[in-house]
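Q: So TrEMBL lists these for the protein:
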- B:ARG48, B:ARG54: NADP(+) binding site (BINDING)
- B:ARG125, B:SER126, B:SER127, B:ASN238, B:ALA239, B:GLY278, B:LYS293, B:PRO294, B:THR295, B:SER296, B:SER297, B:ARG319: FMN binding site (BINDING)
4 protein chains.
Amino acid sequence: MSGNSIGKLFTVTTFGESHGIAIGGIIDGCPPGMALSESDLQGDLDRRKPGTSRYTTARREDDEVQILSGVFEGKTTGTSIGLLIKNKDQRSQDYSDIKDRFRPGHADYTYQQKYGARDYRGGGRSSARETAIRVAAGGIAKKYLKEQFGIEIHGYMSQLGPIKIDKVDPAVTNTNPFFCPDADKLDALDSYMRDLKKSGDSIGAKVSVIASGVPLGLGEPVFDRLDADIASAMMGINAVKGVEIGDGFAVIEQKGSEHRDALTPQGFATNHAGGILGGISSGQDVIVHMALKPTSSISVPGKTIDVDGNEIDIITKGRHDPCVGIRAVPIAEAMLAITLMDHCLRHRAQNAQVHSQTPDIAGKAE
Amino acid sequence: MSGNSIGKLFTVTTFGESHGIAIGGIIDGCPPGMALSESDLQGDLDRRKPGTSRYTTARREDDEVQILSGVFEGKTTGTSIGLLIKNKDQRSQDYSDIKDRFRPGHADYTYQQKYGARDYRGGGRSSARETAIRVAAGGIAKKYLKEQFGIEIHGYMSQLGPIKIDKVDPAVTNTNPFFCPDADKLDALDSYMRDLKKSGDSIGAKVSVIASGVPLGLGEPVFDRLDADIASAMMGINAVKGVEIGDGFAVIEQKGSEHRDALTPQGFATNHAGGILGGISSGQDVIVHMALKPTSSISVPGKTIDVDGNEIDIITKGRHDPCVGIRAVPIAEAMLAITLMDHCLRHRAQNAQVHSQTPDIAGKAE
Amino acid sequence: MSGNSIGKLFTVTTFGESHGIAIGGIIDGCPPGMALSESDLQGDLDRRKPGTSRYTTARREDDEVQILSGVFEGKTTGTSIGLLIKNKDQRSQDYSDIKDRFRPGHADYTYQQKYGARDYRGGGRSSARETAIRVAAGGIAKKYLKEQFGIEIHGYMSQLGPIKIDKVDPAVTNTNPFFCPDADKLDALDSYMRDLKKSGDSIGAKVSVIASGVPLGLGEPVFDRLDADIASAMMGINAVKGVEIGDGFAVIEQKGSEHRDALTPQGFATNHAGGILGGISSGQDVIVHMALKPTSSISVPGKTIDVDGNEIDIITKGRHDPCVGIRAVPIAEAMLAITLMDHCLRHRAQNAQVHSQTPDIAGKAE
Amino acid sequence: MSGNSIGKLFTVTTFGESHGIAIGGIIDGCPPGMALSESDLQGDLDRRKPGTSRYTTARREDDEVQILSGVFEGKTTGTSIGLLIKNKDQRSQDYSDIKDRFRPGHADYTYQQKYGARDYRGGGRSSARETAIRVAAGGIAKKYLKEQFGIEIHGYMSQLGPIKIDKVDPAVTNTNPFFCPDADKLDALDSYMRDLKKSGDSIGAKVSVIASGVPLGLGEPVFDRLDADIASAMMGINAVKGVEIGDGFAVIEQKGSEHRDALTPQGFATNHAGGILGGISSGQDVIVHMALKPTSSISVPGKTIDVDGNEIDIITKGRHDPCVGIRAVPIAEAMLAITLMDHCLRHRAQNAQVHSQTPDIAGKAE
């Protein structure tokens, strides 16, 4: 049933299969008066798209987005924005051999059972290609968040298999194909990925996203909490199996005296909470981490069954990322932007004039 | 703005503050014809409620739930179910000293800034007391899931500070105040908690929930994915800072050949995925883990500010759990039940007759 | 399934049956900082409640509403507001004879078939008693709309059977049991109702509601149009069978040159549109009319069937309004208030700063 | 803010302006396994499109719809269906003269004030062109409703200005450009419209839609009532100012003994209720009427203001329907189909097995 929309006031709805005619989406709720053109969105689409380096799939997808509505004379009109990306490189023949078999670790089996049939070409609707529209939608949100609220979002790859990133230098992140913010780890990554590719196997990754400049007060306290909505947005990215806010799973072994972030007249002393307290943004940086599983599309042989239930061997041929986590960086940024955008609009609906805020310490110092 | 509801077809809406007149909720979407009385819900409420052991707060809350509507002659009628729990033990005086100060690690500061005022008594709306209604709602869902689909849900504490649980014996879980499924760890837990209480500090915990008997095909593939909805439900529990499905953060260091669960004619060979592929349940057990932070309400002194921005020292007096994670077990079960219930109803809306399923291997063997 | 909620940002959810323990609701989305107490809501509840005149049912319902949460130290906190009205006068025995039969024109038959069972006492969930909570929720919305936006809402009975109201004097409306704004029609109404009561029959009515001071720009243009949402809110009132905005069904025979409201530098010259153009409020008065059917609970004998499908005669005994339309006036006001409140909050979410308005002519003159 | 979606389980979201690149939509929630191609939708699109007779606008719009996703090997897959209709005949120059003025009776003024700017070309987003996508979405719903539930929907023009239709012969409706089901009125309509066109004026109309074969039990009883949702769907059609279910406004003067539909062992004796009791379908025909205002785009001169607030004269040139109500017939059918589809899916979510229905008398006889 319907489940292709996210957001309450800033609503993103998508359609499209990997090898269909086109993918697209409707962005509903962008306020009027913002300058917007395709070029504002293309940068992130290019960061996401495959074929940009030898570490990602060699598949070429010209993710050229077209804005079909909602923009007039260069500015948003406040009405729904239609986005379209035509599918080009659709070599369907590559996928004909998976028509009658279920690739392990993929959605082939669950789609087949849920729907009784599936568009098997390239994963159909379950393909990561669908996320291109999320990235475009996120681009709209990012622009608005920056211009109206001063929010900036920085995503990076924070671990690849055994290689952990120690240093986060945002200036480095987008200068390398790994979205790695630590220049000292680039050689290790390069060498690890080369070996991995030779082995025909794949590897998991950790991706982190930080939003700075987030206004205090985003998030509803019980169910539409900011952290709950972020968790949903991130877990909804293909291959994500875990989400953390702030210290995340490390809190299990922390003591209260250690974890709690002291408030001082100059601001919070630390940010173990990851910028969210009681489901509401505290004005500190919002910090999110997520774990992405290794793709199951590998050339290492595996066991599976065909659609008739017979045991078979499977080797995934074709062009696949040995680490799908890498390209998730712009997707994670987009999903955080979409979530924050929704909550910024919701927050605004509450009358600021009705109550007078106590002096805002957030952002003074950390 | 509105944010006190969860679920699309099985919708739970709650109200109430820790020290107000009552807390309550409306459960909308329970199908008609199910036998239901207060006693069906009281068991889980008693598991959640404080004051049941020396390791949890000594505060007594008689969480006696009352069903106000939606049940006629002992059966649900299909209309909305009103639930009410009166607040009894409301010693407001205990909290008068926190009226003008922000407890670090709590929602005091974010509530005050978001709303311009707050019900400071016992945390008001941000108090974990609100979760009693979630537990009652979860009880309704659990009963329906079990009777109509054969789904059973088992939650347990899987780590407390440094103490990791190795063995999961469901028969043990509810026999001890830790919801610990490993009888061999009870002494260590007892001794650890005793020392912790003396130190006046608190500790984090990990909680796990397993749903068995989950039908194949729950979850919408893009945004209303089953894993995304579970992540949201769990991250929305007070103190939760991380959520995992299946292998969770361990996937970062896994290889594809290791992670992917082979399909065999007898069923899946393993369950690294945690029962969800492409956002859709695979028919295997759904496995969820979460990390809960240590409470900030401790007697170890800390730094904070008052409502005028002055630096002050803070010591939380009163009755507080040294490990709030423990009592989260029934809450996590309830949130998983509510999420599965919503998706079971959504799944049913899709016409089973339109497509014919391929033979279902799930559940055959693992 | 779930369907007991209305509103997107200002959300009202209700529960309760006519003869259950209590009815209640959760009002989610009221901004913080508004002074609120039960007495603010009681006035409208008293206007709605039966037993206030000899023309309405003699049933006494002490519709005393209790605010259970969301208000602290006399002001709304921004969290969900729990409302409760206990049922008192529950003479169940009056209804025992309708247990096994379907009253024609009532929801007995459709409830029985939809749910397989029904709470037959007094109509159960389909009883107009449920609307008491809508009236209380509307009271909260009315207060906010008036204080923050200067919106005022005036409902009145505009036709009762053949008696049409010609003059609308708001000062008269609440001085008589008919909510009739025309003092010259009171005698005719009194005499008509007396005769009707003698005959044991009932009659339909027309109710009108006007909102003045409505800001320009409420309503989303395509599906969440202000007029569409008003139509839904009004058609959702028990017994309503038709809804009009502005000139309503009279437009069928109007010419374009007649219908269109000229804009002048001093404002709109007329208001055929009823204050809404393209789904968006124009700044003029919002004008809504609705038709309410005569109740089927009459002492005139009729034909129906019992639950086994046998033909039987039916006479409804007991205490029933000969014209249910009269008491719908405060309900219609409440539903308009709830709808406008939701759209005022939605409108605020759109950034006023982004665009600069052209000079606002609305309200200058009409 | 977001408001371009309708439906809860069968969700239709649209985008596009009259003179933009394209209009389109996403249909989310169509179950899998239904045969579907563009040709299934084109028939209704052709019925709606302008330029088909001399009584509608001479504007040619080749409303050729393209299905971009959600259909694989000729059948729906259960994923979201992307629809696209390219705009062709975009003579923007025709509209340049209305750039700086507000056409009375149009959404020009409210859009300008709400959004601070507007796509003035042909009404932009407020153009009836947007409804083409609703018609295409309705085509999908109609097909499913017919195949899975046996529901059929018949819309017709029931009054045009002073000319009332007396006889409803479905076989006649689609044989004439007026969607008039009464062959005896065709000459009068032809002559009336000819005169009207000469006068340069326009006229209102009444449109009726009947759904037969509707299963008993559709609709939630309180807020998501079937009648409330229908009212919203119909009032959301451009130019609609009134909606009736069953006898509608005629109930004002009816007595209870007259209005109530007797139940007999052979079914309901009459259908004053229009097939809905207590918000729930009774199994009888669902009967809906609506009033459509005369278009304000006429060549009769009128008064208005320009964007600077100066008084000016206005004459609408160009190609406009003298009676926009006529072309609303397929739109009204589509909106009823979309609403019924949503409720059919919602109804299915409720477990039929839990309760056993009493014997269904609906449909036996009327």
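Each residue, glycine too, has its Cβ placed from N, Cα and C.
So that I understand the layout, could you describe where these features sit and how close they are to other parts?
A: For B:ARG48 (NADP(+) binding site), applying a Cβ distance below 8 Å and a minimum sequence separation of six or more within one chain yields B:ASP63, B:THR131, B:ALA132, B:VAL135, B:ARG327, B:PRO330, B:ILE331.
According to DSSP, B:ARG125 (FMN binding site) is assigned to a helical segment. Under a cutoff of 8 A between CB atoms, and with a sequence separation of 6+ in the same chain, the neighbours of B:ARG125 (FMN binding site) are B:GLY16, B:GLU17, B:SER18, B:TYR111, B:ASP119.
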Q: Using a 10 Å radius around its CB, how many other CB atoms surround B:LYS293 (FMN binding site)?
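A: By my count, 30.
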Q: With Cβ-Cβ distance below 8 Å and at least 6 positions apart along the chain, what are the contacts of B:SER127 (FMN binding site)? List them in sequence order.
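A: Counting only residues 6 or more apart in sequence, the Cβ neighbours of B:SER127 (FMN binding site) under 8 Å are B:GLU17, B:SER18.
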Q: Counting only residues 6+ apart in the same chain, whose Cβ is under 8 Å from the Cβ of B:THR295 (FMN binding site)?
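A: B:THR295 (FMN binding site) has long-range Cβ partners B:GLY105, B:SER202, B:ALA239, B:HIS320, B:ASP321, B:PRO322, B:CYS323, B:VAL324.
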Q: Secondary structure at B:ARG48 (NADP(+) binding site) (DSSP, helix/strand/coil)?
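A: For B:ARG48 (NADP(+) binding site) - judged by DSSP and reduced to three states - the answer is helix.
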Q: Identify, in sequence order, the binding-site residues in B:ARG48, B:ARG125, B:LYS293, B:THR295, B:SER297 that approach chain C with a C-beta to C-beta distance under 8 Å; the answer is 'none' if none do.
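A: Out of B:ARG48, B:ARG125, B:LYS293, B:THR295, B:SER297, B:ARG125 lie under 8 Å of chain C.
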Q: Counting Cβ atoms within 10 Å of each candidate's own Cβ, which of the binding-site residues B:ALA239, B:SER297 comes out highest?
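A: Counting every other Cβ within 10 Å of each candidate, the maximum falls on B:SER297.
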